[in-house]
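Copied over from TrEMBL:
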- 185: active site, proton donor (ACT_SITE)
- 265: active site, nucleophile (ACT_SITE)
- 38-352: domain 'Glycoside hydrolase 35 catalytic' (DOMAIN)
- 400-512: domain 'Beta-galactosidase 1-like first all-beta' (DOMAIN)
- 541-601: domain 'Beta-galactosidase galactose-binding' (DOMAIN)
Ligand SMILES: *[C@@H]1O[C@H](CO)[C@@H](O)[C@H](O)[C@H]1NC(C)=O
Ligand SMILES: *[C@@H]1O[C@H](CO)[C@@H](O)[C@H](O)[C@H]1NC(C)=O
Ligand SMILES: *[C@@H]1O[C@H](CO)[C@@H](O)[C@H](O)[C@H]1NC(C)=O
Ligand SMILES: *[C@@H]1O[C@H](CO)[C@@H](O)[C@H](O)[C@H]1NC(C)=O
Ligand SMILES: *[C@@H]1O[C@H](CO)[C@@H](O)[C@H](O)[C@H]1NC(C)=O
Ligand SMILES: *[C@@H]1O[C@H](CO)[C@@H](O)[C@H](O)[C@H]1NC(C)=O
Ligand SMILES: *[C@@H]1O[C@H](CO)[C@@H](O)[C@H](O)[C@H]1NC(C)=O
Ligand SMILES: *[C@@H]1O[C@H](CO)[C@@H](O)[C@H](O)[C@H]1NC(C)=O
């Protein structure tokens, strides 16, 4: 780091007509290529930043998390914009409540944090389809993240909505955004389409002006930067703790011979997959590398500073297909629930060696409350409740249609056909091409038969009589978010065979569970048969409900809590209509789910709705879920050879 900063011969990027802009405007942000640092208001500037994704933290807690980040000594936050979180159907947008990105950015500004905006269109992020809306797949041959004209038309329309909202929030316009990232790790994608990057560059400048600093991020090696970097977009790199920092930044120098050194994703932890041990990255290793990066005068963004939660269905997946759990704790300095950790204080200590830490108290860890057990009661199976869950009724087709063809992008679809003849002997039901995306719960006339799972369980035997209903409830477990398998169609994406026969004449019921649950699936009085204990290891997918009240006379309730699922297998849970996400304690490593206090009420009973897909404890043992005050996301179950190396993304590029 050249500390002889005061030779003022800098040159602002992209402003050759405009060399005196730092005098013209009191607020400016640019790059000094002569002295290898950023320039903020005409002065040398280096940032220490941390990632927080507003889509993974309830709005209620945004301020708390941002303050904790500020108090750690951060100058800036980095956030992704998940396109599919905002444009659910083509041309239908949502920027309200938890999706109010402008409010989030204003809060950051108010907290004294600058913003590094990763605007997409693709973000990766362990987010469903890397943030791309599934409806892009309506054109089945679409080449995502390329100059494909239909893809670009959709990008154009979306950026025409998003970027004008961001423009007034740019630093030079009085807001917090100092830099805007284009695409994400594009050099890791097969398309290597420079015209696409150039298109995005023009589009972003068109909406945001020419002064804005646009940048890219790629893995710290020549091979990634080759297709990821483009003249006019400032090339930054990402690398994990324990890297050779000199070598990593040398790879950035291969693309940017001059200018500030930037690690845009310095990993404070790592992601999880269901069925693999919880990733843990020791604090000492991170502290040491962070110190090395800062000592060099480089800029850094810690990914994640707080991971948060994949509520509802928002998790992504990697290949060979493995989906990410609901918790995105990431072993980050602030836990999923925003708790201060030893890692937080250690990294704050490292930062304190390089800058003055802000004065004042650090917001404390929020208290957690163990509300205890809540008895659950069976409401009915999916098949029994079908007319409520799928009010529009089925769509019929000879061969199965995908979720996208059914315009059902998330959750569950029930595929139903009838058995063409008697099957008194166990007969294999299978998808010859691994076309069950991603998990199917199979029953015949309500009798559970087993589970098919993408990449894991290709075949089950079934029995039944001619004309019986064969129900295949298919769960979308999250779309692949990285690599060339982004075009991840869901549902039965190929035919199912029963013995020698290809099954035909399907009725497909798109299930609108979220609307039905928030309108009160729980309020039904006609509680149908409770079939009680089922000796087989599967039961037909079914809904269960429970109610609980927040104790009175205890101050500061409701508080955050965690749900445990004693005896439950796999499913989805809602409280007061809020979709908390998937639970799968038997596969792990996540065992409990985070419940933010803002979804709980103390004025009336709280409603819990559970969709259990395999086997509930009801009828066998005490049938309850339990609220506890400590998370368990690191269960040591039997993982076999299912370990994945930390920090290696290459492995996800080609499925085995
Ligand atoms: C928009 O998103 C918010 C926050 O998740 C949600 O509460 C609201 O219902 C959504 N609005 C629509 C029209 O879907
Ligand atoms: C950002 O904060 C500054 C004060 O630090 C204030 O002057 C400015 O108006 C704020 N901008 C926005 C967009 O809220
Ligand atoms: C780190 O990388 C640099 C540049 O490639 C090299 O000179 C140095 O020997 C490496 N250090 C270690 C400890 O491997
Ligand atoms: C199928 O089985 C049922 C009862 O198990 C029997 O009544 C029926 O005749 C059988 N049908 C055929 C086509 O074999
Ligand atoms: C299916 O049934 C066949 C014949 O009864 C048996 O050999 C095979 O092991 C069974 N497969 C499974 C997965 O149960
Ligand atoms: C199912 O099989 C039919 C007949 O072979 C074929 O036309 C159709 O494309 C297949 N459908 C899927 C989804 O693979
Ligand atoms: C719980 O469900 C009942 C019955 O549907 C409803 O009246 C009540 O408003 C719900 N409570 C909350 C907090 O949503
Ligand atoms: C899981 O995490 C908890 C709290 O973070 C810790 O106390 C416990 O030792 C961990 N268990 C395992 C098996 O690593």
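The backbone N, Cα and C atoms fix where each Cβ goes, and this holds for glycine too.
Because the structure is a prediction, the values reported are computed rather than measured.
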Provide, as an integer number of angstrom, the distance between the C-alpha atoms of residue 185 (active site, proton donor) and the residue listed as 'active site, nucleophile'.
11
Would you mind checking how many other C-beta atoms are within 10 angstroms of the C-beta on residue 265 (active site, nucleophile)?
25
Average model confidence [pLDDT] within the domain 'Beta-galactosidase galactose-binding' (541-601)
97
CB neighbours of residue 185 (active site, proton donor) within 10 A?
23
